[in-house]
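Got a structure for you, written out below as structure tokens; questions coming shortly.
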Amino acid sequence: MRIDELNPWWKTSTVDESLAPPKHRDLFETLSNGLFRKYIQVVVGLRRVGKSTLLFQLIKHLIVQGTKPLRIIYVSFDDPEARRKGVVGCLKDFTELTGENYRTGALYLFVDEAQKSPDWASELKLLYDNYKNIRIVVSGSAGLNLLAEAKRSLAGRALYYELKPLSFREYLLFVESKADVSKPQLYSEELRKEFERYLKRPFPEIVHEDDEAFIKTYVREAVLEPVLFKDIPLHFRDVDVLLIESIMQNFLTNPATYLSVDSLSRDMKRAKTTIYRCLFYLEASLLTRRVMNFRPSTRSVSRKLARIYPYHPVLMLPFNPSDDKYAESLVASTLQARYYWREDGSEVDFLVDKTPVEVKYVGEVRQDDLRSIRRFMDKYGSDSGVVVTKNKEEVVDGVRLVPLWLLCLRGGV
């Protein structure tokens, strides 16, 4: 495509609503404020979370605020011609087509699917260092080596953001819920009903989808398979995609699995170095997350017995997960959990700072269910603990029972 075809606002002076719908993600405000700072803004995220849409919304915002449309350039490396020419080549085409000089005067450059161009980071470094007039926003699908390349080439020049699947609050905005989120107790019935739908619809494109079979297909074919069969082979050489798929399916079918490279090596009949590489690919592409075993008594993290969760539980849908495993994985995702605790037969699912968090996605929580979390609190002097439940909300001897829907509404403990 020619560069003007990627930038229709040069002729129309507006961005079509199909590209820039009116509902904004929470990250929009942060990025729009950052447009007037020199730093390059780098946005990464899983496929289908809405990164391209976010860029178009920022472009529309600039035009509405009075920026001349011809001073806004969008380059997508999804386009073969743009990949061939690179950022600088596209800027030269821009000047030739429009008569506008990209070297002088305020200019806004949006680069989409950056990871598909091998030289994107070095080109942007060149622009940043030599043209103080250019403000740059970059997006890339998944993490892959995008962040590593950016931090290596753009050190001190960039700020990094992750666009995640929809939060519960964002979902409520997208479906135009009438529930007042500032009064969760008053609207608890409405919020619980919305939450049941949200659990399987955290991507902007499917918030109104009723066909759950289609949702499973969407997750598999629009998210998982493109990452496995396109993104990973594009960035890493000599990749055994079928092995990666097998390991991924094992983790998504059995979330919270204790990681044993030795066992995987034996089961898959592959060298441990190969297994380690596969684990790296899965984490780098935002398909899985690793939760480490933390030992507060020694302030250390044990690399042994790490637990593997899906990056987001929606990735489990094609594998028909149980409700309790789905809930536990959602808590891991919502809290961005990094640690769990296991010691002398007791275990707590997650640690958030000094707060132990246990997931008991059941109707009634028994005293036995609080034993491990109380042991942690007593041993390490925690002021409070949190048990995530299905619907129960109360405080029992310093332990807060919090329904999962309310935890997600708050965005944390």
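Even glycines carry a Cβ here, placed using N, Cα and C.
Curation plays no part in TrEMBL annotations; they are all automatic predictions.
Predicted, not measured: the structure shown is a model, and the values here were computed from it.
I grabbed these lines from TrEMBL:
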{"type": "DOMAIN", "residues": "39-172", "note": "domain 'AAA'"}
{"type": "DOMAIN", "residues": "230-361", "note": "domain 'DUF4143'"}
By DSSP, how many residues in the domain 'DUF4143' (230-361) are helix, how many strand, and how many coil?
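Result for the domain 'DUF4143' (230-361), in helix, strand, coil order: 59 helix, 38 strand, 35 coil.
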Using DSSP, tally how many residues of the domain 'AAA' (39-172) sit in helix, strand and coil.
63 helix, 30 strand, 41 coil
Along the domain 'AAA' (39-172), what average pLDDT does this model show?
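PLDDT averaged over the stretch: 94.
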